[in-house]
Amino acid sequence: MKPPIILINYKAYENSYGEKAIEISKKIEKISKNYGIPIIISVPATMIYKLSQEVELIIYAQHVDSVRHGAHTGSILPEMIKDSGAKGSLLNHSEKKIRLDEIHEALTRMKNLGLESVVCIDSYELVHPLALLKPDAILIEPPELIGSGRAVSKERPEVITKAVDEVKKVPGVYLLAGAGITTGEDVYKAIQLGADGIGVASAVMKAENPEKVVEDFVANAIKAIDKRQ
Ligand SMILES: O=C(CO)COP(=O)(O)O
């Protein structure tokens, strides 16, 4: 079985850093191990090193700058996240958009460093052009549903099916779907519609019992992938 891809974006919630981030990451690690499914967590840059020491999860940055070494105050380079222990990064999240030339440059640099990449986009029309840049995956998220509790897989299923059709034009690029994913059923439906996995943030980061939420997501993702094969 090809495992489903579960990406949890920590964003900048109160529990996205410090001791609380370690605590939530350990809970996610437990589920990842119990189910034998790798889970990606995209964390604030300040937490990459610490979390890479504490947990066996796939750690991503949430953004990288495409500038090269030099006088660029405040920049976070692909080289820096790799040195800190990240395996990859999100790029172009709706909340951290960058230009197309910056996506291209960042992807080239990340590939040369052996870093994985997930490019976020907000419409299916952009799936094919961005897939041609050969990221590891594309994460499609209609911005109006992000953080809404209304799942893309239920509210806009056609976004997923169209994105899946588009990504198939470029072999080797995975398609993830996100925005408003709240329940295991939302995850199941996204994968049934053809996504290789999901991206999620608020349903986990704002949960009273994040472990239970992630477990429900993972169990449903496995069920959906099994059924598809
Ligand atoms: O932006 C997202 C993941 O990158 C999705 O956010 P929500 O899960 O909060 O809708």
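Cβ atoms here come from the backbone N, Cα and C positions, even for glycine.
As annotated by TrEMBL, substrate binding site applies to ASN9, TYR10, LYS11, ILE146, GLY180, ALA201, SER202. According to TrEMBL, the feature active site, electrophile maps to HIS93. Annotation comment: TrEMBL describes GLU141 as active site, proton acceptor.
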Item to complete: Can you see whether DSSP assigns the residue listed as 'active site, proton acceptor' to helix, strand or coil?
Response: coil
Worksheet, complete the sentence: If you count the other CB atoms within 10 A of the CB of HIS93 (active site, electrophile), including all protein chains displayed, you should get 26
Practice prompt. Fill in the CA-CA distance, ILE146 (substrate binding site) to HIS93 (active site, electrophile), as an integer in Å.
Written response: 11
Worksheet item: Looking only at Cβ atoms, how many others are within 10 Å of the one on ILE146 (substrate binding site)?
Response: 21
Discussion item. Can you tell me the CA-to-CA distance separating the residue listed as 'active site, electrophile' and ASN9 (substrate binding site), as a whole number of Å?
Written reply: 10
Item to complete: Counting Cβ neighbours within 10 Å across all chains shown, tell me which of the binding-site residues ASN9, SER202 comes out on top.
Response: ASN9
